[in-house]
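Q: Before I ask anything, here is the structure I am working with.
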Ligand SMILES: C[S@@+](CC[C@H](N)C(=O)[O-])C[C@H]1O[C@@H](n2cnc3c(N)ncnc32)[C@H](O)[C@@H]1O
């Protein structure tokens, strides 16, 4: 089959699915399988695909029809200019999370942050990126309760030559030191809203990474309360948040923290920073 026919047929496979852009995806899959860029596909659209490539291509399209995210099929996703391995059962990195990295890097530089704890590291994108992007050395400890996330973070740590320390821990359970900065992007979807998420997320991403309890704030409450025992004087607590949660989370923090809210590129509230008042 020619490249151009594979693209046309592929679009038919995906055309009625709510969660994908068939033109983008068919091109993305073929460029990945051929290890070529988009210009190659366009310039060589009369080229015959090898049988094995054609088979792989249609097998992937069948998986996509079932809603399996492309990141799990290819086992990777780009974040902040690097490619991270993504295992099934671990949350797929979101581009919105890059704003968390930006905020942390600025805070670290301005406040001479020496060490940092991440709660719920998933694939390890935030800790590893902060580690690799920091000019000054920072000791970073990253924890997650999920064994899949621990395995995934360790793979990325090794591949990207990072020095973070990774621990399996239920929140602060295995932590016995204090930090200048604690970061978390905890599960924050309201339990009742999980059934309304698109099928790719609802059926394929881990509930453990999504479910934030009845009001979405379960983990924020716990972390805000416990973090005060694990923060140094005037230390920072940084959260990635759901776009409609800034007010609730800020009010939970204001008694003990000086609070600031940062927006993402879509102008939605995305990161809350609290600095301990004592
Ligand atoms: C929304 S995901 C964030 C993952 C990663 N930081 C990112 O931004 O891609 C939340 C993470 O918290 C972890 N988690 C859930 N409950 C936890 C707990 N009690 N203790 C530690 N980690 C937990 C999940 O396994 C998941 O990896």
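Cβ atoms here come from the backbone N, Cα and C positions, even for glycine.
Just so it is clear, the model here is predicted, and its values are computed rather than measured.
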Q: Would you identify which residue of 131, 139, 144 TrEMBL lists as part of the S-adenosyl-L-methionine site it also attributes to 120, 121, 122, 123, 124, 185?
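A: According to TrEMBL, the candidate sharing the S-adenosyl-L-methionine site with 120, 121, 122, 123, 124, 185 is 144.
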Q: Of the ranges 150-177, 206-233, 234-261, which one does TrEMBL list as coiled coil?
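A: When 150-177, 206-233, 234-261 are checked in TrEMBL, coiled coil belongs to 150-177.
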Q: Can you give me the residues near the recorded S-adenosyl-L-methionine site, meaning same chain, not 120, 121, 122, 123, 124, 144, 185 themselves, Cβ no more than 8 Å from the center of the site's Cβ atoms?
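A: Same chain, not in 120, 121, 122, 123, 124, 144, 185, Cβ within 8 Å: 90, 91, 118, 125, 126, 127, 142, 149, 153.
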Q: For residue 144 (S-adenosyl-L-methionine binding site), just give me the three-state DSSP call.
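A: The residue in question, residue 144 (S-adenosyl-L-methionine binding site), is strand (DSSP, three-state).
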Q: Counting Cβ atoms within 10 Å of each candidate's own Cβ, which of the binding-site residues 120, 124, 186 comes out highest?
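A: Of the binding-site residues 120, 124, 186, the most buried by Cβ count within 10 Å is 124.
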Q: Taking only the Cα atoms, work out how far residue 186 (substrate binding site) lies from residue 120 (S-adenosyl-L-methionine binding site), in Å, as a whole number.
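A: So the alpha carbons of residue 186 (substrate binding site) and residue 120 (S-adenosyl-L-methionine binding site) sit roughly 6 Å from each other.
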Q: Restricting to the chain of residue 123 (S-adenosyl-L-methionine binding site) and a gap of 6 or more, list residues whose Cβ falls under 8 Å of its Cβ, or answer none.
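A: The list for residue 123 (S-adenosyl-L-methionine binding site) reads 77, 84, 85, 86, 87, 90, 91, 92, 93, 149, 152, 153, 156, given in order along the sequence.
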